[in-house]
């Protein structure tokens, strides 16, 4: 990855609210399935914005910190996804998205961020990201002091 895209908590909440607007009316949804772990925070934000209380998870392991590896399904939500919004933070190459589509063919699959290779696999997303960009999510970062530019020697 040659570029980094840093996401702040404020940006994430703004993007989630934009996505929630597109998912109205809420009456069409039975619940949300969050793709663990990346989709947990966006799913919580969407659940709040849409007033949805039925939230389940599908647990798929595909990354070891910053390296992609083989997919491993750890836990699956029941059903074919009918009436459910499946939420992940991003769609990258589409590996996880393909598995999600097979497990939940009737679900509405959304992400906050989408890269070109995976974009066709989601029903909706908010932000286009170049394929060669690494996304730094706010839950993966700590807050630290950075000295002013004029203090650097």
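Just so you know, glycine gets a Cβ as well, placed from its N, Cα and C.
Residues or ranges marked as 5-phospho-alpha-D-ribose 1-diphosphate binding site by Swiss-Prot: 37, 38, 69, 88, 89, 90, 91, 92, 93, 94, 95, 96. Residue 37 (5-phospho-alpha-D-ribose 1-diphosphate binding site) carries neither a helix nor a strand DSSP state and counts as coil. Taking the Cβ of residue 37 (5-phospho-alpha-D-ribose 1-diphosphate binding site) as reference, no residue of its chain lies under 8 Å away while being at least six apart in sequence.
The annotation GMP binding site is assigned in Swiss-Prot to 69, 92, 93, 94, 95, 96, 134, 135 on the grounds of sequence analysis. Cβ-based neighbour count (10 Å, all protein chains) for residue 94 (GMP binding site) stands at 19.
All protein chains shown were included, and the count of other CB atoms within 10 Å of the CB of residue 89 (5-phospho-alpha-D-ribose 1-diphosphate binding site) stands at 23. Reduced to three states, the DSSP call for residue 89 (5-phospho-alpha-D-ribose 1-diphosphate binding site) is strand. According to Swiss-Prot, the Mg(2+) binding site annotation covers 89.
What Swiss-Prot records for 92, 135 is xanthine binding site. Within 10 Å of the C-beta of residue 92 (GMP binding site) there are 25 other C-beta atoms, taking all protein chains into account.
The guanine binding site feature in Swiss-Prot is assigned to 92, 135.
Cα of residue 96 (GMP binding site) to Cα of residue 89 (5-phospho-alpha-D-ribose 1-diphosphate binding site): a span of 12 Å. Taking the Cα atom of each, residue 134 (GMP binding site) and residue 91 (5-phospho-alpha-D-ribose 1-diphosphate binding site) are about 12 angstrom apart.
Neighbour counts were taken at the CB atom with a 10 A radius for the binding-site residues 93, 96; the maximum falls on 96. In three-state terms derived from DSSP, residue 94 (GMP binding site) belongs to neither a helical nor a strand segment and is classed as coil. Its Cβ placed at the centre, residue 134 (GMP binding site) has 13 other Cβ atoms within 10 Å.
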